[in-house]
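J.: Starting off with a structure, shown below.
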Amino acid sequence: MFYEKLYWVQLFLVSILISSIVAEWNTRDYIRREHSLTKPYQGGGYSVPYWDFLGNTIVTSNYVRLTPDLQSKSGAIWNTVPCQTRNWELQVQFKVHGRGKDLFGDGFAIWYVRDRMQTGPVFGSKDYFQGLAIILDTYSNHNGAHNHQHPYISAMINNGSLHYDHDRDGTHTQIAGCEAKFRNYNHDTHISITYVDDTLTVSTDLEGKNAWKECFKVENVLLPTGYFYGASATTGDLSDNHDIIAIKMFELDLLEAQNKDEDRSQIIPSAASFEAPRERIEDSKPAMSGVKTFLYMMAIAIVIIVLVVLGIMYYQKRPKHRQRFLCEVRVGTITYVGAGNSTTKKDAQMNASKDFVSYLIRSGEVDANEIPEETRAAVKIEEDNKAGASNKQQQQHQQPKPVFQEGMGPEMMGEAYQAYSGQNHGSNFTYIDRMQQQKNVEEAEEMDINASLHGNWTMENAKSKLHQFLQINKINTDYMYKAVGPDHTRSFSCEMSIFVRQLGRNVTGRETASNKQTASKSCALSIVRQLYHLGVIEAFSGTLKKDRSSEGIMKPYPVALSPDLEKQLEETLKDLEIEPVKIDPKLTYTSEEGGAGGLTLLQLDRVKAMREARQFPAGVVSWSPPQANWNAWTGCNIDEGPLASTSLEEISSDLEKHHRDMCQNSTLYQESLREREQLPVYAMRTQIMEAINENPVIIIRGNTGCGKTTQVCQFILDDYIASGQGAWANVCVTQPRRISAISVAERVASERCEDLANSVG
């Protein structure tokens, strides 16, 4: 009895197992092995019977990977045997997974087409195909207002004339579709494609519970026989792993099938209807949350503030870094130098010309009426009526008084200035002169008239002797240098100390010179002479005087001239009336000093006739009388801003208004003025101004702290401003040191309640 019950239990379990297998694959008839792919994948290497691989496809023991989770990969697997069955079911076990959580792609496609092993843009296969494509798309390519979400499964029937549009995700050519979230499951997923009696049905089993769910069903679909099964996938900027686990193809032999014996090999793939294509509409951007909006606005505000600060800093520092051009105008024996300093060469030339013309008019050298109209407008010359001799004489009578009195011009004051090195080089003392002076110093340092007293050891031969002595006695040492003095008169001290075995003590040399080379020579000379007098080395027996006769003489080089060039040179010299110097190779030419020399090829009479360079007057500090379009603090023209075109009269009027407003409304200036009135010099203001107006030179003597330096200059400036001539005021205050001048300027500017470089600098 027990064994009978056990038999029925086993029979029941076997029936349950068979029913589960049937439910898993939904089989209706027998499997076709030549169209199926199952584990274990039999074959050698990468080959599997009945299947070919393409692209980046990888075959492992557990799956066939069409594409790895990498960008720009493509792979495919294709059946080698065409399908001759009219009614069939294809079940595909697959898995799509990857590292991406929000962005991934692109998906894969299952094919039943005429042409196999064709790569292309449609998920790794060719476009304009003939047959059926079941597309499992995982990424939406911005198709606008989708009525579905991705991942998405769709079907497309193509007769070779339709184009699959990735930008629209193929919605204008699909015959049906459904949503299916088949990505990133921990288990395998399944899809079933059934074609029976011209009806296409697609079902899915995504939960792995052996429960099939219909995705879509389309009738009146015509598919021919003799096409090939396949699967392909591709990745672009986004990627995923696309794995095929198994493919099983079942032949469905239905008794009630229509037209079973019909030849369908020549049928053109088609479908009775397509889904209505949707217009491409851009997706509306989702509204930002309040936190995101606040962060965006805060970031924009910070960027704007930073840009404004950088712009202000650039604008403030811009004039210091802009390249400027200085142009000077010198004419004949006139001591005045017209200057123009602007950001362009053209403006610098124009301003220099205007400055010089203004000087000629001020000094009475040129009549204002002789200036052309455009130039007269440029230098802002005010003229009266142009007609009548009396008017002309009146204008000449009213010409401005020269700036300098007799014997007090810049050419006289410049005589007191002595240039560097005590010689009156003036502005002609150039860098080349400085180099020549340095060379003279070096030659003087090398001169030695007492060499005979020290064994004929000189700077020319002492250094080599010292190095020879060090090598013979195997002494390792080196020169030690040290800079001495300020930058403009820098010199170098060289020191060396060696142990002399013959003497049993150290010998040290230390010398200073204008450069390191001369200092090391002098140091070596000191040590060698000590060694000579101590009896360690002998006297020098060679030639003392260095042969300098070959210095500065260029070696002759043979030059080959073509006859045509030689003839052209002769004709050019003849046209210029130049007689070339004839050289006799048999003669030996000597220099003026009596040594060997060469023959000059210059025409001496022409050299003597050359005009000598004009001697400029002694250099003085650059100065010009008050004039428009000139910045006295930087010594350049004003190219931008309102002051570039403002006249001196307008500037004087503005200064007067500003000074009146300060006296009436500024509390700080009134307090500063009351403090200034407490100084002893302030009580003498009236007498000082009267003396200045009546005498060219005034000497004011007072105790330290009485206010001479800071107050007298303000008396003069305030008097000019009050009389409406503030732009013509020019007061110079000198101090014995730079720091003293800076502190005086800061003190005066503070008392006037203004910044530096306004009226004080």
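Keep in mind that glycine also has a Cβ here, set from the backbone N, Cα and C atoms.
Under the heading domain 'L-type lectin-like', TrEMBL lists 29-252. The domain 'DRBM' annotation in TrEMBL covers 319-362, 461-533. The annotation region 'Disordered' is assigned in TrEMBL to 385-408. What TrEMBL records for 6-25, 294-315 is transmembrane segment.
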J.: Using DSSP, how many residues of the domain 'DRBM' (319-362) fall into helix, strand and coil, respectively?
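T.: Summed by class, the stretch gives 21 helix, 10 strand, 13 coil.
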J.: DSSP-wise, what's the residue breakdown of the domain 'DRBM' (461-533) into helix, strand and coil?
T.: 32 helix, 24 strand, 17 coil
J.: Restricting to the domain 'DRBM' (461-533), report the mean pLDDT as a whole number.
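T.: Averaged over the domain 'DRBM' (461-533), per-residue pLDDT gives 92.
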